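Note sheet for the following structure.
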Amino acid sequence: MPIPERGAAAASTAERTAESTAESRRVTEVAIAAARAAGAIALRGFRSADLRVEVKTDLHDPVTDFDRACEQRIREMILAAYPESTIVGEEGGTSTGAGSLTWYVDPIDGTANFARGIAMWAVSIGVARDGELVAGVVYDPVSDQLFWADDRGAFLGDEPLQGRGATAPERATVALNFPLARDLVHFPELALEQYARVTRRFAQVRGLGSTCIALCWVAAGWIDATVSFETHPWDVAAASLIVRRAGGAYLGYRDGAAVPEAGAHLAPHYYAAVADGEFEILHEIMRTQSRRPQE
């Protein structure tokens, strides 16, 4: 093939790459705008005397009118920008579109905290293109902290996240929402024994009550590891990408084993840690507890 044609092909490839990059960054901008808009709505209900709380599946699973209002606003903004999108939301379920983008939306991750006036909740929006996560946004409206990630890396506002922290348990802080009531349905004695081992081995153990905040704090190096069970893609899609882009580890678990990275956000259980952190006791918990039957 003549050299000019090679040059033309290379230029065409470069143009397509630039277009793809620009489009990916537009997706991030839409997710950020939607998260901020939802956060503003949620703040109007936070610590409000008029807040109404309902129960979904059980007493551990509350929902408020603000969860629904926030998700509705997010959906409107997504579809205005990308009308052929598929949206998977905690409150509104799945609306299927013909396009390549899937948006995973948790309008208020940490509703139980939100409902009690505890400032530990956030808006979470993750975006996948043809099954691969390309953008993640987690917005904490109370502290006005915006965590986000795309092909540029992971950031808190404008500051890059490095995901560095303690790598040995005796110096590390781990966030657990384990064992909860549902964790004690399967292997209860083992769950309590494993929890006791974690409290003995780790310097600090914390329960935050928000999956996406725990993961973002790993990405920031504010805590060093976190594990959770019985999660959904809307809980973890955004923050799992933020952890990985920050250089940390995120592993989805199913049936006693880690799943391939591409589908980790679809797995029901997860382990995450700072860069170079390797906490075998947490992997042991994942291998045993992730064998539980799905509810």
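From the backbone N, Cα and C atoms, a Cβ is placed for every residue, glycine too.
Record features (TrEMBL):
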type	residues	note
BINDING	Glu90	Mg(2+) 2 binding site
BINDING	Asp106, Ile108, Asp109, Asp235	Mg(2+) 1 binding site
REGION	1-24	region 'Disordered'
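Listed in sequence order, Gly89, Glu90, Val123, Ser124, Ile125, Cys212, Trp234, Asp235 are the same-chain residues at least 6 apart in sequence whose CB falls under 8 Å from the CB of Asp106 (Mg(2+) 1 binding site). The Mg(2+) 1 site is set by Asp106, Ile108, Asp109, Asp235; from the centre of their CB atoms, other residues of the chain with a CB within 8 Å are Glu90, Pro107, Gly110, Thr111, Trp121, Ala122, Val123, Ser124, Ser210, Thr211, Cys212, Trp234. In the three-state DSSP reading, Asp235 (Mg(2+) 1 binding site) counts as helix.
For Asp109 (Mg(2+) 1 binding site), other Cβ atoms within 10 Å of its Cβ number 29.
Note: Ile108 (Mg(2+) 1 binding site) has non-local neighbours Ala42, Thr64, Phe66, Asp67, Cys70, Phe114, Trp121, Ala122, Val123, i.e. same-chain residues 6+ apart with C-beta under 8 A of its own C-beta.
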